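Chemist: So TrEMBL has the following annotated:
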{"type": "TRANSMEM", "residues": "12-30", "note": "transmembrane segment"}
{"type": "TRANSMEM", "residues": "51-74", "note": "transmembrane segment"}
{"type": "TRANSMEM", "residues": "94-115", "note": "transmembrane segment"}
{"type": "TRANSMEM", "residues": "127-145", "note": "transmembrane segment"}
{"type": "TRANSMEM", "residues": "157-174", "note": "transmembrane segment"}
{"type": "TRANSMEM", "residues": "186-206", "note": "transmembrane segment"}
{"type": "TRANSMEM", "residues": "226-248", "note": "transmembrane segment"}
{"type": "TRANSMEM", "residues": "366-387", "note": "transmembrane segment"}
{"type": "TRANSMEM", "residues": "393-417", "note": "transmembrane segment"}
{"type": "TRANSMEM", "residues": "429-449", "note": "transmembrane segment"}
{"type": "TRANSMEM", "residues": "455-477", "note": "transmembrane segment"}
Amino acid sequence: MGSFKGHALPGSFFLVAGIWWTGKYSLWHASRRNKNIGSTRLASRASQRRLEIIESSVVLFFSLVGILAEQFAAGGPRLQLYNFSEKHWQYLMNWQHATMYLFFGLAAAVSLVIHATEAAPLALDRLMLALAFFNEGFIFFYHLHGRSMLDVHVHQLLLFAVFGGALVASLEVFHRGNIILELLRCTLTVLQGSWFWQIGFVLYPPNGPEWDMKDPSNMMFITMCYSWHLAFAMLLVGSLYCTVSCGVRSRLKRTPPMEMGLLKPRERDPEGRRFLMADKLPLQIYCTIVRTAQHTLHPLATGLSKDLTSNRNVFTHDPFVDVYEPSAMDKLKSVLSGEEARRDDRTILETVNEASTLGWGTRVKGFVACFVVGGVCTLLGVCFLFLPRIGLTLFIIFYTFGNLCALGSTMFLMGPLKQLKRMCDKTRALATAIMITCLVLTLCAAFWWKNFGLALLFCILQVLSFTWYSLSYIPFVRDAILRMLSMCCK
């Protein structure tokens, strides 16, 4: 870890792990909480075990990658711990980092054995994870001797997240499945990942001057920056949890009663080892037989056509497909009334928009989540602007991403089709074109052309065009501004 890449690697591991855990636990909790509506197949015990086995295998693989990188990368010890000729220890920092990866690899191996063979108590995986976090913090605590003041400070701040994760994982041994503890561990894991990146930027800045390691103001700023990282982790985990919960609830509300009844025996299966296709085939044969009988007997039962039409959901719905299939009588009525022709005249965008309609409550929650994330990214970009050298780059990235989130938030309220139509309206088409062009050119100037002067210019144009685009939705404001500008020009 004695380089920028050495801190970026574990930081990326912890960020991905925190985001993955958040999505997984949110999905399982939302599925358990909505069992009165129906349950998804991902919440079954067999699916959970498969996910745990895959996750443990991936963690074990990356732990081995980390160990090999610390041992055999450029300047590594190559499995040499003691120099017998000079009689002293060598490469102790690399060995400490490899030991951290070793404990996470052991935790993954134990979890793999538990979920693949059921040969050990289920709570042992949380206990091993707690020990891995504790070992990481223990090594970091005695990893700081003889270092500068700012170097010690940034690593001490990391210990709060590490030991906090160890404590929460220990509590999960006795309170497994508690969503509060699980999301708290996810938050602390995301905080670890983002703070590893921050340590890399502070100690080994890739494109800027080195920090003054003895300046007390730098310590004050880093402490405040740690609070920003914590706020970012909380907002990220909260947004993911709300998004997954709303998606599961919306999905389950659209699940027809027949599908719910057919899926409940799978959830009651104590072993959960039956595969999906083995259960689907008899049910599909049954539904095919019922559908064929209905189409055959329907012309004879003309007196019951009204009842069959009102209850067609029961007979014509495939329990493994989320859309209803119309009966033969419905198709004939739609052709005679001209409804079929009108459906054929619809554009692809209209068809997609109708098929992906969400409930109003889900739209409002999606709008609030995207808008909050966009506002936080914009605020973080403004705060990062004061960092030396890299501040401008971070401001451009976060501000642009915040604008994209703000645009995406309004799509939840209006729908993607209406949003595109209003964006291309003649009164705001120019502002939309300039805004999107500036968004793309800002990122190109920052990452590909490496011209920060152009990036700043495009970012300013982005601010102006986004402001003008936003004002165009407020009645009479745009006209009032145009009149005021014309009066000033005269």
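Including glycine, each Cβ sits where the backbone N, Cα and C put it.
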Chemist: Are the transmembrane segment (12-30) and the transmembrane segment (186-206) close enough to be called in contact, which here means at least 3 C-beta pairs under 8 A that are separated by 6 or more residues?
Modeler: yes
Chemist: Taking contact to mean three or more C-beta pairs under 8 angstroms, with sequence separation of 6 or more, is the transmembrane segment (455-477) in contact with the transmembrane segment (393-417)?
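Modeler: Answer yes: the transmembrane segment (455-477) meets the transmembrane segment (393-417) with 3 or more Cβ pairs below 8 Å.
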Chemist: State the residues, same chain only, that lie 6 or more residues beyond the ends of the transmembrane segment (127-145) and have a CB under 8 A from a CB inside it; answer 'none' if no residue qualifies.
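Modeler: Distant contacts of the transmembrane segment (127-145): 93, 96, 99-100, 103-104, 106-107, 110-111, 151-152, 155-156, 158-159, 162-163, 165-167, 169-170, 172-173.
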